[in-house]
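Here is the structure we will look at, set down as C-alpha cells.
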Amino acid sequence: MCYRRSCRRGFFGGGHDKKNVTLEDIAKGIREREYKRIVVMAGAGISTPSGIPDFRSPGSGLYNNLQKYNLPYAEAIFEINYFQYNPKPFFALAKELYPGNYRPNLTHYFIRLLHDKGQLLRMYTQNIDGLERMAGIPAKKLVEAHGTFATATCTVCLREFPGEDLRSDIMDGTVPHCSQCKGVIKPDIVFFGEQLPQNFFLYLTDFPMADLLIVMGTSLEVEPFASLSRAVRGSVSRLLINRDLVGPFAWGSSQHSDVAELGDVVSGVRKLANTLGWMPELEALMADESQKLRTRGTLTTVTELNCNERRIGSLI
Ligand SMILES: [Zn+2]
C-alpha cells in the first residue's frame, strides 16, 4: 500500500494484472464523460478552508469554543432534550453558522461544475453550513445528511417554515417562536438521536448506480454516513481527496481501483481541476458567483422587510 503524500497509484490493485488507477486516469474518465453518475461524499474538511470551525478537531474545534454557553457538556448543544430545556446555546451557534456568514470555496465550486456538466448524480454532505447550496448546487442534487438551516420546523405543532423566516430572530439573538402555537422553531439540523433526513435513503439507489465516488474532507467516522463509502459497486473507482487515509482507504480492500490524493483538500481539488484542464472555467465560475453573492448580500438587507419566496430559495 502506498502512503506517499501524493499517491499516484491505486492502492488495492497489487497482485492483480489490472493497471493501477491514477489521478490522471480518473481525470481522463471525467473529461471524456466516461463518468456520468458521480457521487461525492464530503465532510467538514471542505468547509474549514471557508473559515468554518471543524466540529471534530481538538484544539481548533467548535466544541472547544462552547464554554461560554455553560453547557453541561459540549455535545449537549445537539441534543434534543437539552434543546427543549435551553435552546439558547444552539441558537448562539446557529447565529455563527447561519448561511451568509461564510462563502463557498474552490471545492464547493468544483462540485458545482460537475453538476453544470451534467455529471453529478448526488452530493452527500455532513456539513450544515449551507455552502453547497450557496455555491449553486441545487437542493435536489444534495443529501444534507446532518440537516440544513434552509428549512425549519415548529417543535410543538410541526409546522414547517423557510429557514429565512428565522434569520432576523437568530441574528438578533432571539429564540424564534411559532406564529401559530408559540412553540420554539428549530432549524432542520439533525440532532443526536433524531432520524436522518428522508432523502438520505436515496443512497439505496444512488450508490449502486454511481460510476465514480469522490470522498473529500471527511474522517469517515460518523455512521451511517461512513459506511456509504463501501456502498458503490466493486468495479467502481473511488477517489479520496483528504488530509489522511480514512475508512476503507486506510483499511485496505482488494475489490477497488482506488486513488488517494493526500494533503490539503483545496490543493487536491485544484490539482484534479488542473489535470482536467478545468481551472480557467472553475475560476470564471467562482468569480461570477462571488459577484452574485456580493450583490445578493447587499440586497438581502434591503429585502428583509419585504421577502419573497423565490429570492429566499436562492439565498439559503
Ligand atoms: Zn407551532
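The first residue you see is number 1, and the count goes up from there.
The backbone N, Cα and C atoms fix where each Cβ goes, glycine too.
Annotations in TrEMBL come from automatic prediction, not curation.
Noted in TrEMBL for the protein shown:
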DOMAIN    16-279  domain 'Deacetylase sirtuin-type'
BINDING   44-48, 54-56, 126-129, 218-219, 242-244  NAD(+) binding site
ACT_SITE  H146  active site, proton acceptor
BINDING   C154, C157, C178, C181  Zn(2+) binding site
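Recorded features from TrEMBL, shown on the structure.
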residue : record              : Cβ contacts under 8 Å, 6 or more apart
N127    : NAD(+) binding site : A42, G43, A44, I46, S47, I52, E144, H146
C154    : Zn(2+) binding site : E160, F161, C178, Q180, C181, G183, V184, I185, K186
C157    : Zn(2+) binding site : C178, Q180, C181, G183
T218    : NAD(+) binding site : M41, A42, G43, A44, G45, Q126, F225, N242, V246
R243    : NAD(+) binding site : G45, L262, G263, D264, V265
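Per-residue pLDDT, averaged across the domain 'Deacetylase sirtuin-type' (16-279), gives 90.
The residues near the Zn(2+) site, meaning same-chain residues not in C154, C157, C178, C181 whose C-beta sits within 8 angstroms of the mean position of the site's C-beta atoms, are T155, V156, L158, R159, S179, Q180, K182, G183, I185, in sequence order.
By the criterion of other Cβ atoms within 10 Å of the residue's own Cβ, the least surrounded of the binding-site residues A44, C178, C181 is C181. Listed binding-site residues: A44, S47, N127, C154, T218, R243. Those with a CB atom under 6 Å from ligand 1: C154.
In the three-state DSSP scheme, A44 (NAD(+) binding site) is classed as helix.
When secondary structure is read from DSSP and collapsed to three states, C178 (Zn(2+) binding site) falls in the coil class. Its Cβ placed at the centre, S47 (NAD(+) binding site) has 29 other Cβ atoms within 10 Å. Residue density at H146 (active site, proton acceptor): 20 other Cβ atoms are found within 10 A of its Cβ, drawing on all protein chains shown.
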